[in-house]
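Annotation comment: Swiss-Prot describes Asn25, Asn114, Asn342, Asn454 as N-linked glycosylation site, evidence class sequence analysis. Swiss-Prot lists 1-22 with the feature signal peptide. Feature annotation from Swiss-Prot assigns transmembrane segment to 181-201, 216-236, 266-286, 291-311, 318-338, 365-385, 400-420.
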Amino acid sequence: MAILKSALVGFICFLHFFIVNASDNKSLLTEDIMASQVCNGMFAKKGKTSEITLKIDSYTSDFGGAIRLLIFNWKDVNAIGMEDDDGEKHYICNYEDIEAGVCKDDDYGLYLINQTAPHDSIYSAAVDAESMVSPLKYPVEQSGLYCVFTAPLEGSSEAYKITVTWENYFGNLDATDYPHLFLNPILLAINCLIGIWWSFIMFRYRHDLLQVQKYISGVVALSIVCTMVSTGYFYFANSKGYTTGSKVFAFFLSLAQSARQSYFGFLLLIVSLGYSIVVPSLGSLLRKCQILAGLQFVSSCFFLSSLFISPSNKESLVILFAAPVFLITLFAMFLWIVLALNNTIRDLRIRKQTVKAQMYTRLWIVICFGIVAYASIVAANAILIGIYGQMNYYLKYWKLLWFLNYGYTDILVLILMLTILYLWRPTENNRRFAMSEQVAQDVDEFEMTSSLSNDSLHLHHERPTSPANPHIIHGSADEHQALFAVDDESDDDASTLATSKQKPA
């Protein structure tokens, strides 16, 4: 059970890699050695105020002691600690160090600072928690990675809780989320331009639209809504902080992201099954696709909303329940898409429908490119963490985390969506190629989760154009555009369309 729980938590952390949500700009420190230190990026700007605020929430001590405190920019880390005559480095002044001459009586209990080493950001002091009425403020004058180290002055006799607030000059967002304020509006503008372009060609060829193209319009609309809500969320969180209003905003953002992700997967699935292009109707298979997408949407909503509202609570029961369901549905949909697309391409090639096979081959290339591109950034992160270690990786690349964690993924998804829209865009050839006798008569032959037998391939083949049969279309320059074989207005009249005759071009 413990292994399963660890695996689920690990999977949640992996999903957290590409989930776009804001990190709280507050950290909680306690006397526990594993929770007494924290580091975070900070941005500074001339004429603007950035500061680190420490507020003691609770404190208990048997001896009325104090809390040793150290705040510094990581670039000055080499100045922390003093070496004795044997070259051994000491970080906290104790009685042995005083006797050895490493530090003075006034330094007892404090973090030691090498005054001969260059530094300009280190603050070391013993804080009397009981007399500390107002929060301690540390001014940030240079952009960098800042750390706050604490420890009980009297050891295990003291217990405390300290809230550290990282207040950047631009607002309440964490430093790693700051690029959202620029990236999201750009993505929103691009998605709106894509929406205008798609609406124009949909209106231009409104009499030749296929049902699958109407489904594609839903992806465009959801992308605009998702980027709009995401932009509003981060601007609201930056302005108002992580309040109840921010959590409500985050909940709607989780709904939008879940809807876009599930719908996009559903669209890829029905396209891979040949809907509107190879077969006029999916029959009961369409309902199965909708059920799978619905399960993924519900589990994703629970999962994302829990992470948005409580980002630090990765082991809650809701997350531990929703994560495996989300994983199963995500894997099932991906596997189904791959199998369906592979079988569709194979069937089209067997039937010598080269133009359609080329369209689906291009879609396969786009999907493979997306998988390889995303896997590359995940692998690059894993390699860098393996080389530098998690802490040093963060210390070295914290300014690039916005790109590695979400910027790269957002840009990649936008490119993939735009490519698929271009391949499946409406054209004047929709009606022309609608009745080309390339439609399979048996929908069950496209149950892509099962193997295709040779006996199931006795379908209509494309025939070359001849004077005796001018109604059959074969090979033209227009075939290299985005071609659609079926003008499918609905599943109900699909069989009628499949048996209709095409007018001479």
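Cβ from N, Cα, C; glycine included.
Swiss-Prot feature annotations superimposed on the structure.
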{"residue": "Asn25", "record": "N-linked glycosylation site", "Cβ within 10 Å": "21"}
{"residue": "Asn114", "record": "N-linked glycosylation site", "Cβ within 10 Å": "16"}
{"residue": "Asn342", "record": "N-linked glycosylation site", "Cβ within 10 Å": "14"}
Sort out for me which stretch, of 181-201, 216-236, 266-286, 318-338, 400-420, has the most Cβ pairs below 8 angstroms to the transmembrane segment (365-385).
400-420
Non-local residues, at least 6 beyond the ends, that sit with Cβ under 8 Å of the transmembrane segment (181-201):
170, 173, 216-217, 220-221, 223-224, 227-228, 230-231, 234-235, 238, 402, 407, 410, 414, 417-418, 421, 425-426
Cα distance, Asn114 (N-linked glycosylation site) to Asn342 (N-linked glycosylation site), nearest Å?
65
DSSP three-state call for Asn342 (N-linked glycosylation site): helix, strand or coil?
helix
Rounded distance in angstrom between the Cα atoms of Asn114 (N-linked glycosylation site) and Asn25 (N-linked glycosylation site):
31
